[in-house]
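Now, the feature entries from TrEMBL:
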{"type": "DOMAIN", "residues": "47-95", "note": "domain 'Amino acid permease N-terminal'"}
{"type": "TRANSMEM", "residues": "120-151", "note": "transmembrane segment"}
{"type": "DOMAIN", "residues": "137-642", "note": "domain 'Amino acid permease/ SLC12A'"}
{"type": "TRANSMEM", "residues": "163-189", "note": "transmembrane segment"}
{"type": "TRANSMEM", "residues": "209-233", "note": "transmembrane segment"}
{"type": "TRANSMEM", "residues": "254-275", "note": "transmembrane segment"}
{"type": "TRANSMEM", "residues": "281-304", "note": "transmembrane segment"}
{"type": "TRANSMEM", "residues": "334-352", "note": "transmembrane segment"}
{"type": "TRANSMEM", "residues": "372-392", "note": "transmembrane segment"}
{"type": "TRANSMEM", "residues": "504-524", "note": "transmembrane segment"}
{"type": "TRANSMEM", "residues": "530-548", "note": "transmembrane segment"}
{"type": "TRANSMEM", "residues": "560-577", "note": "transmembrane segment"}
{"type": "DOMAIN", "residues": "651-777", "note": "domain 'SLC12A transporter C-terminal'"}
{"type": "DOMAIN", "residues": "788-992", "note": "domain 'SLC12A transporter C-terminal'"}
Amino acid sequence: MERPTANDDVNLSAYRPSLPLSVLNGKTSSGGFDESDYYQCYGDGNSMTSRPSIALSGYETLDAPPQYDFYANSQAWGRKRRFRPSLHQLHGNSEVRNVLTSSYIQYFFNEQINSKMKLFFIHSCLIVVKILLVSTQIRCMLNIWGVILYLRLPWITAQAGIGMTWVIILLSSTITGITGLSTSAIATNGKVKGGGTYFLISRSLGPELGGSIGLIFAFANAVAVAMHTVGFAETVTDLMREHEAVMVDRTNDIRIIGIITVTCLLGISMAGMAWESKAQILFFLVIMVSFASYIVGTIMPASVEKQAKGFFSYKADIFAANFVPDWRGPEGSFFGMFSIFFPSATGILAGANISGDLKNPTVAIPRGTLMAIFWTTFSYLVISATVGSCVVRDASGSLNDTLSPSTPIDDCVGLPCQHGWDFTECINNKTCTYGISNYYQSLSMVSAFGPLITAGIFGATLSSALACLVSAPKVFQCLCKDHLYPLIGFFGKGYGKNHEPLRAYLLTYIIAACFIIIAELNAIAPIISNFYLCSYALINFSCFHASITNSPGWRPSFRFYSKWLSLLCAVICVVIMFLLTWWAALIAIGVVFFLLGYTLYKKPDVNWGSSLQASSYNMALNHCVGLNVVEDHVKNYRPQCLVLTGPPSSRPALLDLVNCFTKDLSLMMCGNVVTVPVEKASSNSHISWLNQRKIKSFYRGVVAPDLRCGVNMLLQGAGLGRIKPNVLMMGFKKDWRSEPSIANNYINILHDAFDLQYGVCVLRMKEGLDVSSPPQSHASVSVDLEPQHTTVFQKKQGKKTIDIYWLSDDGGLTLLLPYLLTRRKRWARCKVRIFVGAETDKKDEQKEEVLSLIKKFRLGFQDVEVIPDIYQNPQPVNVHHFENMIGRFRVDSNPKQDSDSDPPRQQEKPWMITNQDLERNMAKSLRQIRLNEVLLDYSRDAALIVITMPVGRRGSCPSSLYLAWLDILSRDLRAPVLMVRGNQESVLTFYCQ
């Protein structure tokens, strides 16, 4: 690399190095790769502005900018995966092996990908998204439409009347609609790799209730196979009877045909379902054509044959007569009809079942599911209204039953008398075989071309039966693989490259065959209704529970749901279960509680980041029970803060800010280090002060010889069980130049926190944090109750901005803390702006990448600004100001003595800065100066500034230089500045599990 020309204006672009050839080739020396190998000194001057150096600057440091790969669980096609540098690699003293190799070589490799291939790939993805959006809706509609639509909806209309049928349809659609909203929220709370509805809900609600819903959902699908197969067999039997082809009798014929049909479906499903997705479009078209044939048939003039069967086209008197109920038989009641109709409203989970295959499930699942519910509900309402307006309830089907002119009109019974037909005899004797009260194939009779309705019945029943026959074993296999219950693992074994659950297929086949033997659709449908209602109740409850636990991991992209509406729907489902069949409801709920009790007793070794784990954490935090609760899943990460305040009353602003993060959410502990034991070092006064300020926090005071030792005790010993701090919160030390030894301890505390895998946050306010004179060196503790001081963090912020400078990836803590702030009423109206850095020619590309990443995190942040300004030159006056800031800590030595300066003196005064230290950290120093200028330009009126805190390498960056970075970075800013550095472990995820 050529030496840059020295001048008064420091150009950061001049410090972007070319990587050594050994690194580009992936080779390192035997001693390993050291970051210091990248720094070379040029010039003999002592001024930063007159002595440029080759140093890592901008994003070309180990401290990498945000990347998709850092949060992904899998490797993207066509390139190698990049990894976030660890905290030890950033601040530790050890050698850094192959980190830049894995970052930069892959970066350069990605840049060489042909742009045309990228464009082609993007267009291909867009086409796939559009296809999947449509296929999601079609899949749901095909699963919702089924045998009940064709064979029982006219009969239900005759029983309940058009008005009550509409109530039944709308009540069913309301339940499925709310459940669809809850499902959409659950399905969009992170990316799902696969597993369907059971996988979504179990990972959201946990193994306790997730296992129960898995079994119930699988069983309901197995019984649904029987229902759709019986509907198909019933249609075939009726066709055979019309042609006088009978094997035994109607019931046994249905059983025989049903068993043969389900056996054929089993063979098809076990052979492979590659054609199933393609066949869906064909099934959909057949059903739509059958609907068109039916609508045309209602408009056509009624033939004599159809009039004999009760069809008279649209008549106002028929509509009026069929509008009111006419209950008949043992099922003749509102809830009896509801139990038979409700299975025709199910099937809404088909979109969620393929969530892992969707490119954009956030859009596809809600839109596909809700549109499918809307259009199927509309079709049910139209069909019930039209068939009730055209067909009378009772008809004989005989062409000889025309009304004779000699028959007195008063002796004729029924509405057909007004249209020239006399069905009095069959009505009185209850032997009518036609009419919507007696003839299940009324839609076929009304249709312009009857075989099209038959084709629609075949398409709806076979597609739904096949879908259920495939989904039930898949759900059961997923449940078996989770090892939640004993004795069922046998059915989880997969065969072939796709791991097909052949054993689960056979189990589903046996269950379906047992229910097919019932051979009565009206008896099977209520059983399915109960189990589906139970499943929907658990789905809605899981959505409510995930919302009410206030877990930071519950951030669904789909916002149009209500936790209280979900709870109401869950209660309604349970109530309707008992109103339908109380003994079946007791069995279903008994199974749920039995499996729940078993799981709670066995405590399976799984950690899915569920809402039940979050609620158990809340219970442990509020009541100090279950302190060993598992809460280490990234989905449920909570910033549990250890706040170094000294006496809490001395720094209320720091406590008020932390309280915004932790109130009713996570742990907060105030730490106070006392260096001189005193009798009055009691925590009672501090706890009283915290209670008076309505801050939920523990207080812990320790006695130690110095501040660093005391903080180390707190870092390692604070907490109870698994409820322990993971973030250290501190105030900025403004007087670091006057007390260098204490400032050195301050920086060592940061390094100690990093060593213990803590995240670190440092708050700086222009007016300072202290509101009273703190005890010197934390030597004593005041026990008098301090007065309460109002701080900026207790006030409503209005429509200001929270500015996030996400310049380096620390695992996501820099984003998570502002997100938690916006959940508070005081900060809810604030607009969040995210600033990232990029070169000018890559500004748009970087913005799209960061927007895409933030969208996957589901934080709700929309405003991203790319600032190439960070690569510009800092103002010379600010550089000179920085030089003056560190001037008193410079070691006067000539270049020949830099490499081996007096070691004892360096150990005695580790805060002193040598020329070698300054050269090694030149670019990072200039970067902080420039960033302060950017903050002053962009965030002058912000309510809060959150910025990624730089990390100084231990042994290479003296404590005074590190503090000078923090000082120059946050100086002269009107808004509070929160410098954040996570522990380089992900605290945000875009995955469901």
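All positions are counted from 1 along the displayed chain.
Every residue gets a Cβ built from N, Cα and C, even glycine.
For the transmembrane segment (163-189), the residues of the chain that approach it from at least six positions outside its boundaries are 153, 156-157, 197, 200-201, 204, 323-325, 334, 337-338, 341-342, 344-346, 348-349, 351-352, 355, 361-362, 365-366, 369-370, 373, 377, 380-381, 384-385, 388, 533, 536, 539-540, 542-544, 546, 553-558, 560-562, 565-566, 568-569, 572-573, 576, 858, 992, judged by C-beta separation under 8 angstroms. Counted over residue pairs 6 or more apart, the CB atoms of the transmembrane segment (530-548) and the transmembrane segment (209-233) come under 8 Å in at least three pairs, which marks the two as touching. Here the domain 'SLC12A transporter C-terminal' (651-777) is broken down by DSSP into helix, strand and coil counts: 49 helix, 26 strand, 52 coil. Contact count against the transmembrane segment (281-304) (Cβ pairs under 8 Å) is highest for 372-392, out of 209-233, 254-275, 372-392, 504-524, 560-577.
Highest Cβ pair count under 8 Å relative to the transmembrane segment (504-524), across stretches 209-233, 254-275, 372-392, 560-577: 209-233. Taken together, the residues of the domain 'SLC12A transporter C-terminal' (788-992) have an average pLDDT of 84.
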